[in-house]
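Trainee: The following block contains the structure, expressed as structure tokens.
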Amino acid sequence: MAKILSVLYPDPVGGYPPPYARDDIPTITGYPGGQSAPTPEAIDFTPGQLLGCVSGELGLRRFLEGAGHSYVVTSDKEGPDSVLDRELSDTDVVISQPFWPAYLTPERIAAAPRLKLAITAGIGSDHVDLPSAISHGMTVAEVTFSNSISVSEHAVMQILTLVHSYMPAHEWVTTKKGWNIADAVSRAYDIEGMDVGVLGSGRIGQAVLRRLKPFDVRLHYSDVHRLPKEVEEELELTYHPDARSLASSVDVLSIHTPLHPQTLDLFDDELLGAMKRGAYIVNTARALIVNRDAVVRALDSGRLAGYAGDVWYPQPPPPDHPWRTMPHEAMTPHVSGSTLSAQARYAAGVREILECWFAERPIRPEYLIVDGGGLAGAGAHSYTVAG
Ligand code: NAD
């Protein structure tokens, strides 16, 4: 029998369960391109309810304990005395969410001799040190596509929020109790006619491009895997061979690559300096793809007209993290991929992965990041590992 440890974000301060705004969520059975939504044998939760926090338990307790496994759920993940560190030594499976990541460092992996499977309840497994996972003989899996559309909607929302200068306008009429039209519109523009690009045209990046098409913008992209010609023609895309060519050509850039050695610290002073004056960046991918202080400098100097996103490092960030107070930002905490709609899908996907694991059935290749001693499946397509 196995020990499963879930590291989930804390319950709402108002208590669990929260009052829900709606009674149900739409049923999504498949994704663009034909991949099916998760297909577990059963679920023990109500779709649309809060599953990603400690009391939500990803809806897994009955299933796991019913099969004789032990299930520990905690949000306590920092420092050597954390529940995460105390429980790791005899844990077989760690489940974590990018929104409240259990950073599985080389030291933690080395301290977990039984650890064989790390599941990301969501997408993006950079919180697991992948080289260590490979040498430890682990499998790393995530629930590919579960929240890709959620994130693409959030990215489009943040592009419009920045360019239309929504945040200052909202502040004038609410916090400041004013009606200061001139102040509120002095940085407001339309995206119509602008050049808008995505770095990374995978599941999320392509969904962003498709959603932006009706806004009558000129669309650009760059990716290590070029899209099929039909897609480029359908969306009237301009392809760029690298991030620099893309970044220097667009008014708005949305980042959608994984964090891996090729993308770590990619947007430094030099690359930000190559962007047009007054460009905007939205980053819902990973914070470490951009240089934290270079972004602040670019906003201060006016090189960037705005920066938005929902990814930070570390998570949670300290109270004095400069992105909390930098100018012209429209930041959220890491929420885009954890809507109640997305939670139902990634909780079902985690259950599907666990069912396969316990029954020794193969996990879908599109869910695999590391397996069999190397990058596998979706991981082999989108990640690299250093040296
Ligand atoms: P995906 O694997 O479908 O697409 C990623 C794309 O990035 C691939 O097409 C890949 O070829 C490309 N890529 C990789 N390295 C590149 C490089 N150096 N230059 C250019 N392109 C590169 O993944 P996805 O589902 O679209 O998700 C992308 C990332 O978004 C995830 O890895 C994760 O970090 C992040 N994400 C964030 C949230 C959130 O809640 N904010 C949720 C889901 C995913």
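Yeah, the Cβs are placed from backbone N, Cα and C, and that goes for glycine too.
Predicted automatically and left uncurated, TrEMBL annotations should be read as such.
According to TrEMBL, the domain 'D-isomer specific 2-hydroxyacid dehydrogenase catalytic' annotation covers 67-361. The feature substrate binding site is assigned by TrEMBL to ILE123, ASN147. As annotated by TrEMBL, NAD(+) binding site applies to SER148, 203-204, ASP223, 258-262, THR284, ASP310, 334-337, SER382. Positions annotated as domain 'D-isomer specific 2-hydroxyacid dehydrogenase NAD-binding' by TrEMBL: 157-336. Residues or ranges marked as site 'Important for catalytic activity' by TrEMBL: ARG286, HIS334.
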Trainee: Could you measure between ILE204 (NAD(+) binding site) and ASN147 (substrate binding site) for me? Cα positions, answer in whole angstrom.
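Mentor: Spelling it out, the Cα of ILE204 (NAD(+) binding site) and the Cα of ASN147 (substrate binding site) are 9 Å apart.
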Trainee: Between C-alpha atoms, which of these recorded positions comes nearest to GLN262 (NAD(+) binding site): ILE123, ARG286, HIS334?
Mentor: ARG286
Trainee: List the Cα distance (Å, whole number) between ASP310 (NAD(+) binding site) and ASN147 (substrate binding site).
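Mentor: Pair distance, Cα basis, whole Å: 14 Å.
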Trainee: Identify which of the following binding-site residues, namely ASN147, SER148, VAL335, place a Cβ less than 6 Å away from any atom of ligand 1, and list them by sequence position.
Mentor: ASN147, SER148
Trainee: Rounded to an integer, what is the Cα-Cα distance in Å between PRO258 (NAD(+) binding site) and ILE123 (substrate binding site)?
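Mentor: If we compare the Cα positions of PRO258 (NAD(+) binding site) and ILE123 (substrate binding site), the gap is 9 Å.
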Trainee: Fewest other C-beta atoms within 10 angstroms of its own C-beta: which of the recorded positions HIS260, ARG286, HIS334 fits that?
Mentor: HIS260
Trainee: Please report how many Å separate the Cα atom of GLY337 (NAD(+) binding site) from that of ASN147 (substrate binding site), as a whole number.
Mentor: 5
Trainee: Ranking the binding-site residues ILE123, ILE204, VAL335 by other Cβ atoms within 10 Å, which is at the bottom?
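Mentor: Output over binding-site residues ILE123, ILE204, VAL335: least Cβ neighbours within 10 Å is VAL335.
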Trainee: Quick check: of the recorded positions listed here (HIS260, ARG286, VAL335), which one has the Cα closest to that of ASN147 (substrate binding site)?
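Mentor: So, spelling it out, the nearest of the recorded positions is VAL335.
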Trainee: Just checking, which of ASN147, GLN262 (binding-site residues) has the fewest C-beta atoms within 10 Å of its C-beta?
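Mentor: Least crowded of the binding-site residues ASN147, GLN262, by Cβ count within 10 Å, is GLN262.
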Trainee: May I ask for the distance between HIS334 (site 'Important for catalytic activity') and SER148 (NAD(+) binding site), taken between their Cα atoms and rounded to an integer number of Å?
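Mentor: Rounded to the nearest whole number, the Cα-Cα distance is 14 Å.
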Trainee: Give the distance between the Cα atoms of ILE123 (substrate binding site) and SER148 (NAD(+) binding site), rounded to the nearest whole Å.
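Mentor: If we compare the Cα positions of ILE123 (substrate binding site) and SER148 (NAD(+) binding site), the gap is 8 Å.
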Trainee: When the pLDDT values for the domain 'D-isomer specific 2-hydroxyacid dehydrogenase catalytic' (67-361) are averaged, what is the result?
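Mentor: On average, pLDDT over the domain 'D-isomer specific 2-hydroxyacid dehydrogenase catalytic' (67-361) sits at 98.
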